[in-house]
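Heads up: the structure comes next, in structure tokens.
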Amino acid sequence: MNAFRFLGDMTHLFSVLVLLLKIYANKSCSGVSRKTQELYLAVFVARYLDLFTDYISLYNSVMKVVFISSSAAIVWYMRRHPQVRRTYDREQDTFRHVVLLAGAVVLALIFNERFTFREICWAFSIYLEAVAIIPQLVLLQRSRNVDNLTGQYVLFLGAYRAFYILNWIYRYFTEGHQSRWIPWIAGLVQTGLYADFFYYYFLSWKNNVKLELPA
């Protein structure tokens, strides 16, 4: 554990709390991609298969439970809650996320550190997380106007990945130049996907205007 890893975990956690607050308090999921949330649920379930078999620390176990349960709660709200599900932008959220799922499966089967079930699931979760935000970004571009909580949710998600890249760099220089190339490449791809959003978020903050993304 280091400061970059901790800050990454906290910004990730805060992004989830912001989204849950938006859905629970407003009884609305307008502007939120259900497909992205379903992809994140698949990411966490696949990555944390060791939850009941490998104990690392209380902090580690709690964070795993929080991310799985919060993702499941968001998907449940968007699919089952009578008020929330009526606000879902089905016509805008049309990105074919099954393509991302299939691509992550293929990559995990071909490029992994060991050809075991757990390692393939771990690689799958890394590849899928790198692109899981795409349906959300596409939805925001189509709707153009981004409310504050949704914008903050995406911002904190991007910050989480940026802190994790700093964490990997720090560990590379402090742990004998050991690195895992799969999360490095996937993390860079994931951070790159946020670049356009960060740019327009910064402009909206600088000019004190509502965040709007180009179509």
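Including glycine, each Cβ sits where the backbone N, Cα and C put it.
Curation plays no part in TrEMBL annotations; they are all automatic predictions.
Annotated in TrEMBL:
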- 1-25: signal peptide (SIGNAL)
- 58-77: transmembrane segment (TRANSMEM)
- 98-116: transmembrane segment (TRANSMEM)
- 122-140: transmembrane segment (TRANSMEM)
- 152-170: transmembrane segment (TRANSMEM)
- 182-202: transmembrane segment (TRANSMEM)
Might you confirm whether the transmembrane segment (58-77) is in contact with the transmembrane segment (122-140), defined here as three or more C-beta pairs under 8 A between residues 6 or more apart in sequence?
no
For the transmembrane segment (98-116), sequence-distant contacts whose Cβ falls under 8 Å of one of its Cβ atoms, 6 or more beyond its ends:
39, 42, 122-124, 127-128, 131-132, 134-135, 180, 182
